[in-house]
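Chemist: Take a look at this one; I'll ask things after.
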């Protein structure tokens with residue numbers, strides 16, 4: 001490995017020796033139950049507390065690994081390092097009561113009143129932080145130090161990244177945090193299962209928060225799925241991260257059952273819109289391109305979900321007039337669905353996708369009308385009816401072309417459901433409790449939980465067998481968070497071993513001339529994630545766990561030196577133009593095995609059968625009997641390929 005590793009390893013052992021007296025347990029004062037920390041929780045707590053100059057740490061842990069409890073343990077024992085601390089916790093507002101306040105009151109009630117909470121998704125809370133910032137800064141002296149904890153740090157970082165080269169409103173707060181975190185003796189602990197959310201720029205801002213002024217990370221450093229200056233970057237960031245991910249695969253990769261995590265199967269449903277929905281999609285496409293919504297694909301996304309007679313364009317309507325129009329349309333659709341009551345015979349045939357014979361005329365007519373408006377909702381109902389257990393359905397749209405209309409489809413097919421969204425604030429916690437109840441593990445009482453972005457982070461679902469992604473988010477991190485609501489440590493322990501699985505269903509809708517906004521967004525997500533995965537591999541390599549695994553038996557240092565040096569040493573900039581990587585690539589045409597209708601162009605490396613789009617590896621040839629598989633389309637040779645992730 002590298003020389004610096006052994007020095008950092010010796011410092012880790014110094015911290016472990018220094019904190020050997022800390023208890024492995026923490027007591028729940030509400031239930032009077034003593035909980036033993038997991039080895040990784042105890043390890044990172046001791047290293048973070050034991051090293052004065054290791055002032056920053058990222059907990060890059062899977063969802064459900066106990067980040068909140070670990071943070072509370074650190075808060076409880078940080079006085080081992082210094083007697084007086086101000087605790088400043090940045091969180092999403094929805095996470096204040098559960099898990100944060102409940103966990104603190106249970107395990108550290110004596111300090112619960114001495115913690116300052118700031119909600120980074122609340123303008124009034126941020127204003128409050130600005131007002132108290134000066135008093136916090138003035139109180140930092142020889143008698144007081146500051147511990148900053150940031151939960152779901154990717155959410156905070158994404159608010160600080162420049163948009164269209166313009167400074168975001170959150171940037172001044174971000175700069176204040178950097179100043180506070182790097183005041184002599186202070187510490188900052190950041191937590192996330194997905195520390196990079198949208199793009200590489202966020203990694204720069206994350207480093208700027210944790211270890212400012214040491215480097216500027218450039219996307220150009222990633223060539224052919226590798227970091228060209230890996231050693232320099234690694235040395236600069238060594239020991240910055242704690243890494244605990246039992247499932248390293250991204251959202252699109254299937255995984256087996258492992259260490260309490262359910263098996264994950266990934267299923268793509270490629271479905272065709274009705275002629276009516278296809279026509280409205282084409283109109284929506286023209287509208288998007290004529291307006292500023294083209295890049296966001298807004299109208300096309302709405303129509304891909306639900307297309308009821310016409311486009312719902314606001315135009316010159318004010319908010320009240322527009323909302324009234326939507327209410328009238330929804331009431332009209334609601335009135336129509338009240339007359340639909342599918343027979344049991346039809347539902348059984350619908351589940352098997354066998355609607356050719358022996359069907360009541362009324363059933364088939366009603367089905368055709370519902371399909372005309374939304375092929376996605378129809379497919380979602382089929383998946384739900386075929387599920388052996390409970391189902392989670394992610395739909396970010398809450399109003400007309402979203403949850404509001406989807407629920408009427410569920411009523412038509414006699415599907416029971418609860419809703420967790422911004423519209424159900426008063427009832428959602430009680431309903432989720434009923435959904436998670438042990439007696440509902442098979443979904444017989446409540447089959448589906450529909451949830452929007454309001455439920456994509458911070459809450460847990462138990463014993464779920466199917467997740468349906470009805471509308472794509474913009475990045476893989478959001479997908480990971482969505483799946484993390486139900487694929488969590490021990491989330492399926494109450495089910496028999498053979499039922500500890502989760503099927504993840506992606507519903508991809510196409511017009512009758514093969515246009516698809518879902519496929520466009522899916523490709524964008526995969527392209528961005530290929531670069532983010534390179535950074536995740538880097539974070540694993542710099543983690544205190546990776547270093548300690550190699551140097552756990554090295555002699556501890558006698559006193560701290562290295563982290564103060566690392567924090568103040570800037571990485572040497574690399575001249576990208578001096579780096580030459582020679583790979584011979586051949587232009588080809590190919591298609592994905594699951595979507596042979598979409599013909600793509602790429603560059604093939606014949607040595608490893610990997611296909612590139614510019615500098616990014618995007619696919620790999622399908623090989624059978626040592627030969628690539630191909631088809632002939634319009635006299636063109638089209639290779640068959642699968643998605644590829646390095």
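Yeah, the Cβs are placed from backbone N, Cα and C, and that goes for glycine too.
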Chemist: For the motif 'DEXH box' entry in Swiss-Prot, name the matching range from 139-142, 143-146, 147-150, 151-154.
Modeler: 151-154
Chemist: How do the residues of the region 'Binding to the cap-specific mRNA (nucleoside-2'-O-)-methyltransferase' (466-532) split into helix, strand and coil according to DSSP?
Modeler: 28 helix, 14 strand, 25 coil
Chemist: DSSP says what for the motif 'DEXH box' (151-154): how many helix, strand, coil residues?
Modeler: 2 helix, 0 strand, 2 coil
Chemist: Would you mind giving the whole-number mean pLDDT across the domain 'Helicase C-terminal' (377-540)?
Modeler: 91
Chemist: Going along the chain, which residues at least six beyond the ends of the motif 'DEXH box' (151-154) come within the CB cut-off of under 8 Å?
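Modeler: Cβ under 8 Å, 6 or more out: 58, 67-68, 71, 89-92, 95, 100, 190-192, 194-197, 202, 206, 209, 457-458, 477.
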Chemist: So what sits near residue 65 (ATP binding site) in its own chain, CB-to-CB under 8 Å and at least six residues off in sequence?
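Modeler: In sequence order, 38, 40, 244, 489 meet the Cβ cut-off.
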Chemist: Beyond 61, 62, 63, 64, 65, 66, 67, 68, what residues of that chain have CB atoms within 8 A of the centre of the ATP site's CB atoms?
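Modeler: Result: 59, 193, 244, 489.
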Chemist: Taking the Cβ of residue 66 (ATP binding site) as centre, how many other Cβ atoms lie within 10 Å?
Modeler: 20
